[in-house]
Amino acid sequence: CMCVLTRSLNPFSGGQCAGEEDWVDNRTVYIGHKEPPPGAEAYIPQRYPDNRIVSSKYTFWNFVPKNLFEQFRRIANFYFLIIFLVQLIIDTPTSPITSGLPLFFVITVTAIKQGYEDWLRHKADNSVNQCPVHEVQHGKVVRKQSRKIRVGDVMLIKENETFPCDLILLSSSRDDGTCFVTTASLDGESSHKTYYAVQDTKAYTTEEEVDSIKATIECEQPQPDLYKFVGRVNIYMDNEPVARPLGSENLLLRGATLKNTAYIYAVAIYTGMETKMALNYQTKTQKRSAVEKSMNAYLVVYLCILIGKAFINTVLKYVWQADPNQDEPWYNNRTDAEKERHIVIRAFTDFLAYMVLFNYIIPVSMYVTVEMQKFLGSYFIMWDDDMYDKELGESAVVNTSDLNEELGQVEYVFTDKTGTLTENNMEFIECCVDGHVYVPQAICNGQVMPGSDTMDMIDSSPGPRARESEELFFRALCLCHTVQVKEEETVDGIKHGLHSGRPSSFYISSSPDEVALVEGMKRLGYTYLRLKDSHMEILNREDQVERFELLEVLTFDSVRRRMSVIVRASTGEVYLFCKGADSSIFPRVVSGKVEEVKDRVEHNAIEGLRTLCVAYRALTPEQYEETYRLLNEARLALHDRDRRLAEAYDQIETQLVLLGATAVEDRLQEEAADTVESLHQAGMKVWVLTGDKMETAAATCYASKLFRRGTRVLELTTKRTEEQSLHDALFDLSRTVLRPHREPSGLGLDPDPVSGLSGECSDFGLIIDGATLSAVLQPGPEASSAGDYKEIFLEICRNCSAVLCCRMAPLQKAQIVKLIKASKEHPITLAIGDGANDVSMILEAHVGIGIMGKEGRQAARNSDYAIPKFKHLKKMLLVHGHYYYIRISELVQYFFYKNVCFIFPQFLYQFFCGFSQQPLYDTAYLTLYNISFTSLPILLYSLMEQHINIDILRKDPTLYRDISKNCLLRWPIFIYWTILGVYDAMVMFFGAYFLFDNTTFTSNGQMFGNWTFGTLVFTVLVFTVTFKLVLDTHYWTWINHFVIWGSLIFFVVFSLLWGGIIWPFLNYQRMYYVFMQMLSSGPAWLSIILLITAGLLPDVVKKVICRALWPTTTERIQVPRPQPGPATPAFIQRHHQGCVPNLVVSQPGCVPICVLGTHRDA
Amino acid sequence: MMASGYNAKEEDGHHSGAPGNGGAGAVKSKKPDNTAFKQQRLPAWQPILTAGTVLPAFFVIGLIFIPIGIGLFVTSNNIKEFEIDYTGIEASSPCYNCAQNYSWNSTSSCTCKVPFTLEQPFESNVFMYYGLSNFYQNHRRYVKSRDDSQLNGDLTSLKSPSKECDPYRTSDGLPIAPCGAIANSLFNDTLELYHLSNGTRTAVVLMKKGIAWWTDKNVKFRNPGGNANLTVAFQGTSKPVNWRTPVFELDPNDPDNNGFINEDFIVWMRTAALPTFRKLYRIIQKKVDAPTLASGKYELEVSYNYPVRSFDGRKRVILSTISWMGGKNPFLGIAYITVGSVCFFLAVVLLIIHHKYDNRCSSADIPN
């Protein structure tokens, strides 16, 4: 959160330089479609789109084909489509309905959802496209529909109207040619921004006058960067073109709203889909969670199993059929058509038929269930009352529900400082002029703050010389800013009442620092009143109004880290006032009490205050002329304007006289320290990435307990690399960091975490600054060692519990995240920030979290999750993340398990039916197994499960380590579940087999057939897999009871009904009375009970034994201890004390025996 | 207005789960409802499986399962079963000649007599089964080769049977009734039982009713146009190729057992689950005064029509008594005893672990 004065959303700046060179094509716009005098310039006719906004994807006609195409591009859907088509084409054991129906259901539901969304988009588009706008035609105002606006139309916009396209401001109702605009719906910044009309046209304020303008605009072709625009307007006064520069301050963007200005005239330059707003709404790249990756890996395994099964069966079938009497006994002849078919085709068809028979092992419904779980699950995050912030009136927002479970896997947290760790609620603390410190009064109830003894009061005037510079300093702060005064009704944005007498006025700025400074000045006696007719008015201590003409504003940018204004006092003197970070001011200072100010600045920085230095320079008229020329040249440039402007600024802001420094406090957010500590205990590494200076940032880090008293802070800063080469510094650090790990154990890393508890371990913190970081990351001249630096740096970081990166540019933040992401452990990263400069890192990290801060909503909008305050991160990760990880991993494992149970008996049955692809279960069972008999319990489990109470999870962050590294979805656990599935399938199948083996089990001697056999297996199956879930459920609400028992009852009722009637629409009645006949037999009941018990037994035993012998932390906490004494607290304490980060490094992996657990501390 | 365009785009992304998260106009309170459900604080029962809680369950399961198993095992052992293989593969077998000389075309049936001795008398109802081995009634091509609507008396299906019946769908241009491979391969050996005592040969009375499911006989299977005058009803259809008599002559003497509702036919139409199977053939009803089948010499008279040698099949006749749990099958009893014992054993193991673990735990926690 560095560029506090001007924000720039800059995801495109990476390619900026290249982009500007590529910029060959520009457009020429004739204002009001009036051609310029001949010979002015070659006319290049261009076709522009109309102003229709098309956000909809489909039209009425192409919806069905296009939507189907999009849906079947998903690999899973395509797979199911193929299976379905195979079933349609060849003679397969199961009817196409069994796979067609679920697929149809999924496709239809998705299509309806997307269709509905698209219909909404159509409606929104229409209402936008047809909304009436006013155009000036031949000096008359004409109403027309928004979509009919063409490039070059002159538009009339009234107050509170939204701009229908991108416009260049020609003139406004305000005399100074400015207008106020809020871009709340564009980037979320609700502050009023000032836009400027072209100087030469601002006088044309009626329709007729505007109509008489003859001008052309040359500008670049549209590009998506909201804050970048270069162009030039040629105004023909008496056929003589006057060229004026156009910048983003002249460009009104579609979507922004006109405020505080009665009306404006503006000309359309980008319309429809070429407006910056439209160009900006590309969808974000979709992030995939680690769980999803595991799921896909499992899918591949199951696909292999599926193909393997089909292949084995096909081969066995032909081996078995080698005997013609097996192949085609007299009672079972082939049809003639089949006989004629070539053996290869027959074999291939058989292979496909097996694929179809076994395809349920990869169920359609899993995708649906996972999606539903994520979608519905995200509501619990949004509904969470604990993450509601009263002040903001906001609760958590979920922008992507795909990453719920990733919240439980975070290993690295990258956080912004200002606005994230801190409040971003700036308060002016003090200023220092020439070494004298001033503290504004009336901070608390009009009382003077009890402060340090170095504090001077204003009244103790230190002499006329000092008084002069003091007044200059205060005036400088009153003038050098971009604050606006809002006088009327309340504003949505930042509200700061002007104290005395005028409660209806507010200072508004996109930077809270500036507001704090201007307000601080007010408390010190200098009140900034307003900007009127290019004159800034100040009410000085003697209640006199001073007027300064504002000549130039050298706006803030994050590279220069300073801003300047050039003003002309009423006496005629021209001053340049410059305000900026100490590092960017001191090198440019030629005189002033540098040492005193520097001391004070450093002192304040250590206190955690934000400091700014103020300097000035008196300009002679000649110097001002020179300055004006420099600026104007740069502004008129079409190419490289930014670079040239920067150069100009650089030349102008020199030879400054230092006036003093200011200190503004940015308080820590509530519970920030507690949250950081919890994250540490949960095994996460917290990195602070800030644009702030090192001292301030380090102070915040200490305050937020990122660095603790025992932390050894290592520095890798420019200061150090000046003394020592980067190479040596890095190696020194790595030696320091690695030593204590080697010493205690002697032989490499000791996997026993208890050694970390010995107490002598020190934990490390690293401070690195932007410049050094880019040196580390840049491939140096010796190409071979460049990679080494990275590796060494990563190695150092790995051993530090906290890292502070200061002086970071926004893109560097993303670079760091990328670096860590790409390191060899591939840790899961989370980035949290509140400002536009955090967007790049939020987009880069696995999980991006935005804070709904005061600096606009860009971070929140680009994030995956948005929360009101930093402290909410704790619940988000430790509770929601933990739960969703547990839930979804069980969901995934269980789904595969239940389908192994489902399909493996079919596979076994092939060995007993001559490999003929005879399905074991009836079609209805095949279809409904995944859709209705076993779907809801697991869905509800994956929404409701709480293996540990919310409060315990919050209290004991160490539990988070139990699920680290995707622990529940590792291969051993997957294999365990699969083996369990195969075991259950064997129990079910062979149980039924031995029961049916050549005997009867009815009391009337009648026999059962193959469908009863399948139904028996199926009944056991449904009950077993449901009871398996019952055993895994730790949290039984009435909903769980309802759904679990409900779906079992539904299965029974359905079976009774399905077999109870001769269904007229079916061409077979194979299930008629099968279920009821089965239930009328006692042994069937007995065997169902037996087989369910036998199927569940191993899992129960495994669970109980693992819990007893190798309990995980989670399992220990789960069991309430009745015995007296603080058993559980003592245990928790054991984890809390000592060197937490070392625990992370030396954690042993999962104990393979107890595949369900993570690091069991046996 | 324009903002809505924005929102629409955002929904384009995956799930923009948040309702109204972008609107600048959404001023209404976003405070979530403080309900137990939404806050995930519904009252809940939170059971944990531990050695302590599972222990008693295992003991109980053991204690219940073992007696049940013993009961089942004893019941199964008390069932008397006698099995005769009359396939006639061995030269010594009485049916050897019939098996060797079998041809489809022979109009007269070959009869063979298989003598056997019952060591023990069979009390109460005795069930007579025929059994076939290596006969894949569960082959997919076979299982689906039937037309249930034809068998249900549907007149359209009678005249144009389902395609599933191919290649047993039509014969000589006429639709086959009943069509399909299952019907075509109807078991057609006739089995009769004679008791030999004191030189006299008395036929044992064999009941042919009650061998099929009641629902099959009365609902699922129906003759076209009712049971009267089947000859007319089946006019225009052809008999299955392997049959000797048309379907309306399966049991000419009993109109309630003729045509599609012939019980032997219905039994055969219920395809067996496994390639070795038995099917109920006749019931010998218990006598009031004497054992149903007294011990002594018996003779099984077989009219040998059904060829099984080509696919290495076997034909058997089984005489069995039935208990409440069906025929002789020791599996269930043994399985119950096994699972019960395993549970019991595990309970003991867990008891030990539970004891040790409890000690360990308290000793591990307190020093810290």
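A Cβ is built for glycine as well, from the same backbone N, Cα and C atoms used for every other residue.
Heads up, TrEMBL stuff is auto-annotated, nobody curated it.
Here TrEMBL flags A:Asp416, A:Lys417, A:Thr418, A:Glu514, A:Phe556, A:Lys579, A:Arg610, A:Thr690, A:Gly691, A:Asp692, A:Arg807, A:Lys813, A:Asn837, A:Asp838 as ATP binding site. The Cβ neighbour count for A:Asp416 (ATP binding site), using a 10 Å radius and every protein chain shown, is 33.
What TrEMBL lists as Mg(2+) binding site is A:Asp416, A:Thr418, A:Asp834, A:Asp838. Secondary structure from DSSP puts A:Thr418 (ATP binding site) in a helix.
The DSSP breakdown of the domain 'P-type ATPase N-terminal' (A:45-99) into helical (H, G, I), extended (E, B) and coil residues amounts to 29 helix, 0 strand, 26 coil. What TrEMBL lists as domain 'P-type ATPase N-terminal' is A:45-99.
Among the features that TrEMBL reports, domain 'P-type ATPase A' is placed at A:133-195.
As annotated by TrEMBL, domain 'P-type ATPase C-terminal' applies to A:860-1112.
The transmembrane segment feature in TrEMBL is assigned to A:75-90 (among others).
Residues or ranges marked as transmembrane segment by TrEMBL: A:297-320 (among others).
Feature annotation from TrEMBL assigns transmembrane segment to A:351-370 (among others).
The annotation transmembrane segment is assigned in TrEMBL to A:924-944 (among others).
Annotated transmembrane segment per TrEMBL: A:974-996 (among others), in sequence order.
The list of residues near the transmembrane segment (A:1008-1030) in space but at least 6 beyond its ends in sequence, with Cβ under 8 angstroms from a Cβ of it, reads 894, 897-898, 901-902, 905, 913, 918-922, 925, 929, 933-934, 937-938, 941, 984, 988-989, 991-992, 995-996, 1000-1002, 1044, 1047-1048, 1051, 1055, 1070-1071, 1074-1075, 1077-1078, 1084, 1087-1088, 1091-1092, 1095-1096, 1099. Annotated transmembrane segment per TrEMBL: A:1008-1030 (among others), in sequence order.
Feature annotation from TrEMBL assigns transmembrane segment to A:1042-1066 (among others). Below 8 angstroms of C-beta separation, residues 922, 924, 928, 932-937, 940, 1015, 1019, 1022-1023, 1026, 1029-1030, 1033, 1072-1076 of the same chain, each at least six residues beyond the ends of the transmembrane segment (A:1042-1066), sit close to that stretch.
Residues 983-984, 987-988, 991-992, 995, 1001-1003, 1008-1009, 1011-1012, 1015-1016, 1019-1020, 1023-1024, 1027-1028, 1031, 1055-1056, 1058-1060, 1062 of the same chain sit 6 or more residues outside the transmembrane segment (A:1072-1097) yet have a Cβ under 8 Å from a Cβ within it. What TrEMBL records for A:1072-1097 (among others) is transmembrane segment.
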Per-state residue totals over the domain 'P-type ATPase A' (A:133-195) - DSSP helix, strand, coil: 7 helix, 33 strand, 23 coil
Positions whose Cβ lies under 8 angstroms from the transmembrane segment (A:297-320), at least six residues beyond its ends: 76, 326, 347, 350-352, 354-355, 358-359, 361-362, 892, 896, 907, 910-911, 914-917, 974
Remote residues contacting the transmembrane segment (A:974-996) - C-beta distance under 8 A, at least 6 residues beyond either end: 294, 298, 301, 893-894, 896-905, 908-909, 912, 1008, 1013, 1016-1017, 1020-1021, 1024-1025, 1028, 1083-1084, 1087, 1090-1091, 1094-1095, 1098-1099, 1155-1156
DSSP-derived structure type at A:Arg610 (ATP binding site), helix or strand or else coil: strand
Neighbour tally for A:Thr418 (ATP binding site), based on other Cβ positions within 10 Å of its Cβ: 29
Within 10 angstroms of A:Asp834 (Mg(2+) binding site), Cα basis - binding-site residues out of A:Thr418, A:Phe556, A:Arg610, A:Gly691, A:Arg807: A:Thr418
Cα separation, A:Asp838 (Mg(2+) binding site) to A:Asp416 (ATP binding site) (Å, whole number): 7
Among A:Asp416, A:Lys417, A:Thr418, A:Glu514, A:Phe556, A:Lys579, A:Arg610, A:Thr690, A:Gly691, A:Asp692, A:Arg807, A:Lys813, A:Asn837, A:Asp838, the record's ATP binders - longest CA distance, Å: 25
Distance [Cα-Cα, Å, rounded] between A:Arg807 (ATP binding site) and A:Asp838 (Mg(2+) binding site): 13
Cα-Cα distance linking A:Asp838 (Mg(2+) binding site) and A:Arg610 (ATP binding site), given in Å to the nearest integer: 19
